[in-house]
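For reference, Swiss-Prot has these:
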| type | residues | note |
| --- | --- | --- |
| MOD_RES | 2 | N-acetylserine |
| MOD_RES | 41 | N6-acetyllysine |
| MOD_RES | 156 | phosphotyrosine |
| MOD_RES | 288 | phosphoserine |
| REGION | 228-274 | region 'Necessary and sufficient for localization to autophagosome' |
| MOTIF | 298-301 | motif 'Endoplasmic reticulum retention signal' |
| TOPO_DOM | 2-227 | topological domain 'Cytoplasmic' |
| TOPO_DOM | 275-301 | topological domain 'Cytoplasmic' |
| TRANSMEM | 228-248 | transmembrane segment |
| TRANSMEM | 254-274 | transmembrane segment |
């Protein structure tokens, strides 16, 4: 059974696929969003034990989400090539939602790290810039600016997890799971596109092959016509050049080739006719030579 014969129409798999796109995966994404909110709350409040537990629970949700996406992917692989455009339209919204949720979750920790790095750099550059501001405007003071900067950092940046806390290790595990989930979502988005590109490529090759076969057939037909037309002429030319009875035999020989190329009953009948004419001509030739017995003499003897 070929690969195409194993495919089925989308309408047969649509209920199962929509169960994933409308219910199962959105439920997992909503659960993941709640974990993200709790993680941000516990990390901001430095409740490391609760943060560690939330990391573990979020990791379980991510694993469940990955499992459900793989199951949906198996269904997508069974869809017939004619329905790939509709399939892509069906799974794109949930694919984009999963990609966005994963990116936001990873960005939460990334922004915290980047903000801490920025804070260190700002502290190195803060004193000269504040001195210039005080000189020009006479309003902004160094102490007030430092307090404002620290206040903004505390509001927007999450505190770094101490490395001696279990939450630090559990976050690394969760981060790896989220990255794997991101790759899985990307692969799912490329699945339908790659299948469609493969089908388009095969169609292009088939069309090119059909064109080549058509052109080749036309060329063969032309060549056959030219050859069949040329052979009788060649026979006539050979017969005319050689002359006499031998030249006539040479012409018949070339004509016999043409009859063989014609094929079928016509070729067979023409060949028999040429054979009879050749036999009669041989008898005439042998009868004109006194030293050679004729075919009829041989039969009598």
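Even glycines carry a Cβ here, placed using N, Cα and C.
Confidence for the motif 'Endoplasmic reticulum retention signal' (298-301), expressed as mean pLDDT, is 51. The local packing around residue 41 (N6-acetyllysine), expressed as other Cβ atoms within 10 Å of its Cβ over all shown chains, amounts to 14.
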